[in-house]
Each structure stands twice: as structure tokens, then as C-alpha cells.
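Single-structure report; data block below.
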Amino acid sequence: MFLLLRFVLVSCIIGSLGFDNPPTNVVSHLNGDWFLFGDSRSDCNHVVNTNPRNYSYMDLNPALCDSGKISSKAGNSIFRSFHFTDFYNYTGEGQQIIFYEGVNFTPYHAFKCTTSGSNDIWMQNKGLFYTQVYKNMAVYRSLTFVNVPYVYNGSAQSTALCKSGSLVLNNPAYIAREANFGDYYYKVEADFYLSGCDEYIVPLCIFNGKFLSNTKYYDDSQYYFNKDTGVIYGLNSTETITTGFDFNCHYLVLPSGNYLAISNELLLTVPTKAICLNKRKDFTPVQVVDSRWNNARQSDNMTAVACQPPYCYFRNSTTNYVGVYDINHGDAGFTSILSGLLYDSPCFSQQGVFRYDNVSSVWPLYSYGRCPTAADINTPDVPICVYDPLPLILLGILLGVAVIIIVVLLLYFMVDNGTRLHDA
């Protein structure tokens with residue numbers, strides 16, 4: 001009892017001296033088992049090869065360049081590499097995963113499959129993609145890309161139907177119509193194989209609208225059939241619009257196996273790349289840093305939409321991105337957020353990272369790690385320490401029971417002693 005009272009007293013004294021331990025707006029890690037995926041703002045090789053010694057180009061502290069815990073590529077992103085010919089093989093492994101990328105596919109790039117397409121659909125695709133990546137990297141240690149081999153028995157080749165500017169879609173691949181087909185009302189299939197990983201993220205995409213070709217309108221229809229388990233995954237066009245639609249993608253998490261891609265109308269699509277997920281781990285929320293341009297360019301909030309508790313913590317700066325190298329590279333606010341990678345921290349929460357695990361001015365929500373078990377609330381003159389009441393209630397009950405037992409024993413011995421004196 002004395003030790004408990006002393007702990008409460010010491011904590012209150014600490015509170016009166018102004019020790020708050022507030023959550024800080026950084027990304028950090030419990031220990032050295034972490035990994036960061038990024039772009040030019042954390043690409044040390046780009047700085048060395050293109051901008052020698054000018055580390056102001058990055059938001060990452062250059063002390064981390066030789067850590068071996070970073071997979072970053074200037075001008076790229078995981079989503080961009082997943083879908084397009086502009087490819088970088090992001091590869092990394094860790095218990096705690098941090099993402100600071102995504103800005104290299106935004107409304108600024110204005111990508112759409114056709115001239116009458118919709119970039120809004122591609123922003124939706126981006127959000128759905130990162131949702132799957134973040135959720136799965138909370139339970140997997142390792143991420144990399146793998147090629148998906150497929151076999152199509154026809155003579156037609158894949159076609160670059162979906163392209164805009166410098167971006168050319170190659171995942172999924174479009175198989176062109178066979179020369180002997182007069183229209184797109186036909187069924188066609190291709191085999192593809194997934195092997196070597198625990199699970200895979202693959203795209204299943206359709207044009208969700210009436211696709212016009214030579215005065216005829218078509219409804220897209222695509223399926224993947226797992227020949228080992230009998231499970232089928234499919235999408236059918238449900239919209240009646242004829243303009244303003246685009247390539248809607250769902251991102252499936254599939255096991256290894258032999259699959260059949262099936263098209264009942266329009267062109268056959270088949271996956272050519274997959275995110276390879278390996279090495280299951282205990283649930284560990286990922287951390288995502290907002291990836292956006294200076295306000296002179298249009299950005300999106302899809303990584304924020306995708307990053308939701310409990311599987312993900314989102315960190316952002318409250319000000320416009322204004323770099324010191326140029327307006328899009330070397331921002332002080334985001335440099336501060338990434339500075340947390342220089343040290344270990346015991347506790348992570350929706351509000352931020354806690355540097356200490358004793359008391360805090362803020363109760364951590366969706367907490368992970370060794371987190372404060374007390375909230376230190378300061379009134380103007382009197383520090384009040386509010387603790388989780390359950391341990392105190394249980395201790396009070398135990399003390400009450402002990403007092404009752406002591407009183408009963410005292411009464412018993414007093415009565416017994418009086419009886420013996422009377423007998424004497």
C-alpha cells in the first residue's frame with residue numbers, strides 16, 4: 001500500500017513540474033526491425049547520382065541512407081509500379097512498416113484509359129489498392145513484386161489499350177481480339193499461375209459502362225477461377241453510361257495456385273504482376289506519411305482514405321508542402337515527421353508517437369507497444385493524476401477483505417482469551 005501511494009505521489013509531483021509526454025507527430029519504431037517504402041523524398045541513390053551531396057532534396061535524414069531499411073525510387077510509387085510499364089521493384093521486410101510514397105500518381109498526372117475516361121475512377125482505384133497494401137502489411141513482414149506467368153492459346157497478343165501521357169498500363173494485360181472474331185461478343189480464357197509467396201495482391205478490372213466499338217456497345221465481364229479450390233472471383237459491368245467511365249479495379253488477395261482468367265464479353269484481361277506477401281507476423285499497424293505536392297499542383301487524399309485504424313496510423317503536416325531544394329522537395333514539416341526514424345519509441349497511437357511509457361497528457365487511442373497507463377491532467381493550480389481505476393478498485397477490495405479478516409481474528413482471540421480467564 002505504501003509503495004502504491006508513493007508511486008501516485010511521485011507521478012503527481014512529475015505532473016506538477018509539467019511533464020506531459022504528449023503524442024508527437026512523427027513516424028518511428030519500437031526497435032531496429034523496421035522498413036520504409038518511398039520515392040524521391042527518401043531516395044538516397046537519386047541524391048548521390050543526380051544531386052551529389054545535396055541532401056536538401058530529401059525529407060529523410062541522410063544518416064539513415066546506409067541503414068539498409070529503405071526501398072525508394074524517384075518518380076515512382078508502389079501503385080505506379082504495380083499497374084504500369086514505369087516499374088521499380090519495391091522490396092523490403094520488417095516488423096514495423098512505414099510508407100511515404102504515392103504522390104507520383106495523382107490528379108496532377110490526369111491519367112485515364114481513354115480520351116472519354118475518368119481520372120476520378122483511377123483515384124478510386126488508388127485508394128482501394130493502398131487499402132489492401134496497408135491492411136496486409138500489418139500482418140506480413142515482406143513485400144516485393146513478382147511477375148505472373150500466363151498462357152493464352154490464341155494467336156492474338158497483348159495490346160496497349162490503356163495509356164495516357166507517359167503511362168502505359170501493362171497490369172492487367174489486355175489480350176487483343178482474334179482476327180476471326182467479327183465483334184467482341186465472344187468467350188476467351190487464359191491460364192495464369194501464382195507460386196512462391198504466402199499470398200498475392202492481384203488486380204481484377206473491368207470497364208464499368210457501355211463500351212462503344214464500331215457502333216456496338218459492350219458490357220465488360222471478367223472472372224478469375226481457382227482451378228485448385230473451385231473458388232471464382234468476378235466482375236460484371238453494371239453501369240449504363242456511355243462516357244465518363246473508366247477501368248474499375250478490385251484488388252484481390254489470393255493464395256498460390258493455378259488460375260483461369262475468363263472473359264465473356266469485350267477483351268480478356270490477365271494479371272502480369274502481383275504484390276508478393278511473405279512471412280506472417282503478429283499484428284503491427286503500419287505508418288503512412290501523407291504524400292502530396294506543393295499546392296501549385298493538384299494532389300489527392302487516397303492514402304489517407306486507405307489508412308485507417310486499427311491497421312494504420314496516418315501522419316501529416318498542417319501546412320503546405322514548401323521544399324528548400326524546390327517547392328516539391330525538402331519540406332521542413334515532413335522532414336520533422338520523418339525525424340522520428342532516428343530513434344526508438346515505446347508507444348504508437350492514432351494521435352501520434354509517445355516518447356515515454358509512464359504518464360501522458362493524452363490517452364492513446366488504438367495504441368500499440370508499451371503505452372502510458374496514466375493520464376496526467378493539470379488544472380491551473382492543482383495537479384490531478386487520473387489512473388485506470390480497475391487496479392485501484394481491486395486493491396481496495398483486497399484491502400477491505402484483509403481488514404475484515406484481521407477484525408474477525410482479533411475478536412476471536414479476545415473472546416477466547418476472556419473465556420479462558422473466566423474458567424481460571
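The backbone N, Cα and C atoms fix where each Cβ goes, glycine too.
Features reported for this protein in Swiss-Prot:
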| type | residues | note |
| --- | --- | --- |
| ACT_SITE | Ser40 | active site, nucleophile |
| ACT_SITE | Asp326 | active site, charge relay system |
| ACT_SITE | His329 | active site, charge relay system |
| DISULFID | Cys44-Cys65 | disulfide bond |
| DISULFID | Cys113-Cys162 | disulfide bond |
| DISULFID | Cys197-Cys276 | disulfide bond |
| DISULFID | Cys205-Cys249 | disulfide bond |
| DISULFID | Cys307-Cys312 | disulfide bond |
| DISULFID | Cys347-Cys371 | disulfide bond |
| REGION | 128-266 | region 'Receptor binding' |
| REGION | 267-379 | region 'Esterase domain 2' |
| TOPO_DOM | 414-424 | topological domain 'Intravirion' |
| TRANSMEM | 393-413 | transmembrane segment |
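All features noted in Swiss-Prot, drawn onto the structure.
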residue: Ser40; record: active site, nucleophile; DSSP (3 states): helix
residue: Cys162; record: disulfide bond; DSSP (3 states): coil
residue: Cys197; record: disulfide bond; DSSP (3 states): coil
residue: Cys205; record: disulfide bond; DSSP (3 states): strand
residue: Cys249; record: disulfide bond; DSSP (3 states): strand
residue: Cys307; record: disulfide bond; DSSP (3 states): coil
residue: Asp326; record: active site, charge relay system; DSSP (3 states): strand
residue: Cys371; record: disulfide bond; DSSP (3 states): coil
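The DSSP secondary structure for Cys65 (disulfide bond) is coil. When secondary structure is read from DSSP and collapsed to three states, Cys312 (disulfide bond) falls in the strand class.
Averaged over the topological domain 'Intravirion' (414-424), the predicted model has a pLDDT of 53.
Considering only the recorded positions Ser40, Cys249, Cys276, Cys307, the residue whose Cα is spatially closest to the Cα of His329 (active site, charge relay system) is Ser40. On the backbone, the CA of Cys312 (disulfide bond) and the CA of Cys162 (disulfide bond) stand 32 Å apart. Other Cβ atoms within 10 Å of the Cβ of Cys307 (disulfide bond) number 25 in total over all chains. Annotation note: Cys113 (disulfide bond) sits in a coil segment as assigned by DSSP. You'll find the Cα of Cys197 (disulfide bond) roughly 29 Å from the Cα of Cys162 (disulfide bond). Around Cys162 (disulfide bond), the same-chain residues six or more apart in sequence whose CB sits under 8 Å from its CB are Cys113, Thr114, Val168, Leu169, Tyr174, Phe247, listed in sequence order. Between Asp326 (active site, charge relay system) and Cys65 (disulfide bond), the C-alpha separation comes to 21 Å. The distance from the Cα of Cys65 (disulfide bond) to the Cα of Ser40 (active site, nucleophile) comes to 13 Å.
Of all Cβ atoms in the shown protein chains, 23 besides its own fall within 10 Å of the Cβ of Cys249 (disulfide bond).
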